[in-house]
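Visitor: Just passing along the structure, written as C-alpha cells.
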Amino acid sequence: MLQLNWGDTTAFQTLVKGGIAYIGPRVQVNDSQIQILLEQLLARLRPIGIPQNLPRSGASQFVGREADLKQLHTQLQQSDRLAITAIQGMGGIGKTELAWQYAYFQLQQGTYPGGICWLRARDQEIATEITSFAQTKLGLKLPDGLTLAEQVAYCWRQWIPGEVLVIVDDVVDYEAIKASLPPTDSRFRVLLTTRLQLGTSIQTLEIEVLSETASLELLAGLIGTERMVAEGAIAPGLCQWLGYLPLGLELVGRYLVAEPDLSLAKMQQRLEKKRLEAQALCQRSADMTATHESVAAAFALSWQELAEPARQLSYLLSLFALAPIPWDLVEHCLPDWDSEELEKQRRNLVGRSLLQRVGAGTYQLHQLIREFFIAQREPAPAAQASPVTALKHVFCQVMVSVAKQLPASPIQQEIVSITPAIPHVAEVATTLQAWVEDADLLWPYVGLGRFYDEQGAYGQAEPWYEQCLSSVQTRLGQEHPAVASSLNNLASLYESQGRYEAAEPLYVQALEMRQRLLGQEHPDVALSLNNLAHLYSSQGRYEAAEPSYVQALEMRQRLLGQEHPDVARSLNNLAYLYYSQGRYEAAEPLYVQALEMMQRLLGQEHPDVARSLNNLAYLYYSQGRYEAAEPLYVQALEMMQRLLGQEHPDVALSLNNLAVLYYSQGRYEAAEPLYVQALEMRQRLLGAEHPAVATSLNNLAALYRSQGRYEAAEPLYVQALEMSQRLLGQAHPDVAQSLNNLAALYRSQGRYEAAEPLLVQALEMRQRLLGAEHPDVATSLNNLAALYRSQGRYEAAEPLYIQAIALAIQTLGESHPNTTTFRNNFLEMLKQAIQAGQAATLSDDPLTQDLMRQLQAES
C-alpha cells in the first residue's frame, strides 16, 4: 500500500516490505528501496497503448508511394543492430508525409510497441525533444545533476521494452544530431528525412517525383473526380508544369478547391505567367503536413546555405532547357573555372537535392527548382557587364558551336552524339535569341532544322526553319544573306515534303537575293542555281533544269576547284537529269566521275557515297544491266543502314530500288517484303501524303498485278494515281506512270475500254513532258500496241510496235531487255494476225516483213 500526500504537505507515507518509513524533509530513508518503489509506481502510471507523438497529417490523399513504403520497411527491419534509414529528396517532394504515413501505418499494425518518437531537427534541439518525450510519454523521471547528453543516454537506457521507431524530420546537419541518436541496440529503428546526401554509411531511400498517373490521382482526390473529368485534357499538362511535385500539386489542388469557378486551364495560364509567384503556390493551408509556406520557401531553405560560386552555377544551369544536361556543356560554358572547384559546387547542389544526377555525366533540374533558380537569377543587374548577362552570352555561344557541328549530311552516329544537346539549342532559339550574336543568329535554327530534316522528320523541322526566317528578317532586315539562306532552307524542306509549288517562289527569291547581295560569282549563288534546278527536275521540267544545273556546275568548278564535294554533287545531279531524259550514255560518265570523286574526298563510308552508288545502280538497272546493278544496290542499302540507321527516307529509297530490280528479274518473293517495308517506312517518316509514298503504292500494286492479284492491286493503283495528281499536278512524269500502270491492270483484267483512254493520256503526257525520244515514250507505245493486239486491232497495233522498237533501239540499244520485250511482243502479234487471217492488213514496213519471213521460216 502506498499513500501520497499532495499539495502543501511536507511529507508522505509509504509502506514497504520490512517496515514503515516516514519520508519527509527530516526523515532518512534507504535510497535503493525508494528508487525501486518509484519506478514501479511510474510504470503503473504509464499510458495504455503505444507511446507516440505523431503530428497530425493534413494530407487528404496519399498516392504513388506504395513501393516506397514497402522498401522503407524492408530497410528498417533488415539490420541486427541499430538500423538507420534516410528518406532523401528535394524540398516539397513529400519526405515528411512518407515518414508520417509509414509511422501511422506501423502504429496501427503494432510493429513498434516500444513507441514511435517524432523529432524535428530543423531549428530545434532533438536532445531536448527526446527527454521531453521520455518524460511525458514514457513517464520517465530524470535524475538530477545530469547534463543534457547524459539525460538523453539515460532515456535510451530506460526506454520501455519493445521495438522503437525514432523519426528525425528535416535533418540539415547529421553530425549535429548523431550524438543524440539511440545506442547500437537492435530494437531501435531510426528514420531520417533530409535533403542532404548523407553518404554510404547510412541506408538511403531516394524518392522521386510522382508518376503522371499518381499526380492525376492526387489532383483528382483534391478537386473531385467530376471536375477532373470535365477538364481531363488540361490536367496532364498542369501536372507536368508542376513537375509532378507533391507540394506543388497539393497547393494548387487546395487553391482550386477554394476557387470552384477557376478552371484548370486558367490555373495553368496563371502559373505560366506568374511562375512561382502565383498565389496558388504561395498559400499553405494550416492543416497541411508540409511546413513550407510556399514552393519557393521550400527551396529557399537550401538556397540560403549556398555560397556565391554555387549560386553562379545555378544561374547557368537555369539557362539550360528542362531536360538532361550533359555536363561537358556546362564545362564548355565555364572554361575559366578550375575543374575541382566546379565539381565541388556541383556536389553542393547535388548534396542539397537541388540538382539530380540522372546518368553518366548527365544532370537535371526539377521543373520548379529551375523556376526558382530563374527567379533568383533575373533580379540580378541587367547591365551588359553583369555576371548573368555574361553567362547568357557564353551559353548561347556554346550552343551555337554545337549547332554548327552537325554537317549537311550527318550520319547516325553524329545524330546520336548531338541529340542530348538539342533541347538546349532549342532553348537558345526560343528564349535566349537576344543574346546570340548577329553573325550566328540563324545557326541555332539551322542546327535544329537540319537535325530533324536529315532524319526525315520534316514536320518537326519546319517550325524551326520558319522561325529562322522570321528572326533574321526581324533583326537583320529583309535584304541580308542570312535571309536568303533561310529562304533556301525552307524551300529545300518544302521540296523534300513534295510541296513543290510552295518551294519554287522561295528558291527563286533566295537566288535573286544572293545575286544582288553576293554578286553573280559566289558559291551560295551556285547552290541556289543547283537547288532550283533540282526542283525543276523533280517537277519533270527538264528543259528548265538543265541550264541551271550546268551553270551551277561550271561556277563551282571555277570557284571551288575541280576537286570539291559540291562539284561532285553537281556532277551527280546533272547525271540524274540526263538519266531522267533517257540520255543514259551522257549520264553514266558523270555518275562514275561523281562517285569516284566523293570516295576520294569523303571516304568510302559517307551518305553521299551511298547515294552515288544507288544512282549508278539505278542507271545500270535502266540499261538492263541487272548483274552490274545488284551489288551496287546492296552495297548502297547496307551503307545507308549503317550510317543513317534503319529508319531514314534514304534507306526506304534503297529498299524500294532493290525491290524494283528483283521485280524486273521476276523474283517476286524477294521483292514483296522490300516493297512493303519501303512503303511502311515512307508512310511513317514522310506522312501518308508524299510523292515517294505514291511511288511505293504504285510499285507494290505492279507486283500484285504481275502475280495475278488484281483485287489487291487496283486500290493501290488508284490511290497512287490520285495522290500523284494531288501532289504533283495533272502534268508530271509520275502521273503518266500511274496512268500507264492502272491501264495495264485494266488490260490484264480484260477491261479494254477502261484501259485505252488512260494509255493514250499517258503516251501524250510523256511525249509532251519528256520529248518524243525517251525510253518511257517507247514503253507507252508498246503498251498501247499491246492493248490493240488484245482487242484484235492488229492494223492499229503494228505502227506503234514498230515505233516502240525503233525508239528502244535508239535510246536503250539492241540488247536491252525492253528492246527484246517489245520485239517479242510484236512477234506474238504477228502470229495472232496470221492465225486470224489478217496478215494482209499489215504494212510493207521492212521490220514487219522481216519478222513475217522469220515466222514463215520457223513454221
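Cβ coordinates come from backbone N, Cα and C, glycine included.
The following feature annotations were taken from TrEMBL:
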- 66-220: domain 'NB-ARC' (DOMAIN)
- 484-517: repeat 'TPR' (REPEAT)
- 526-559: repeat 'TPR' (REPEAT)
- 568-601: repeat 'TPR' (REPEAT)
- 610-643: repeat 'TPR' (REPEAT)
- 652-685: repeat 'TPR' (REPEAT)
- 694-727: repeat 'TPR' (REPEAT)
- 736-769: repeat 'TPR' (REPEAT)
- 778-811: repeat 'TPR' (REPEAT)
Visitor: What is the number of residues in the repeat 'TPR' (694-727) that are helix, strand and coil, as DSSP sees it?
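Guide: The repeat 'TPR' (694-727) comes out at 31 helix, 0 strand, 3 coil.
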Visitor: Restricting to CB pairs under 8 Å, which listed stretch, 568-601, 694-727, 736-769, 778-811, is in contact most with the repeat 'TPR' (526-559)?
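Guide: Comparing 568-601, 694-727, 736-769, 778-811: 568-601 has the most Cβ pairs near the repeat 'TPR' (526-559).
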Visitor: State, in range form, which of 568-601, 610-643, 652-685, 736-769 has the highest count of Cβ pairs under 8 Å to the repeat 'TPR' (694-727).
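Guide: Between the stretches 568-601, 610-643, 652-685, 736-769, 736-769 has the largest tally.
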Visitor: Note the mean pLDDT of the repeat 'TPR' (694-727), expressed as a whole number.
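Guide: The answer is 94, the mean pLDDT of the model over that range.
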Visitor: Could you give the residue numbers and ranges of same-chain residues that sit at least 6 residues beyond the repeat 'TPR' (736-769) on either side and whose C-beta is under 8 angstroms from one of its C-beta atoms?
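Guide: Long-range Cβ neighbours of the repeat 'TPR' (736-769): 540, 542, 694, 698, 701-702, 705, 710, 713-714, 717-718, 720-721, 724-725, 776-777, 779-781, 783-784, 786-787, 790-791.
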Visitor: Pull the DSSP breakdown for the repeat 'TPR' (736-769) and write it out as helix, strand, coil residue counts.
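Guide: Counting residues by DSSP class gives 31 helix, 0 strand, 3 coil.
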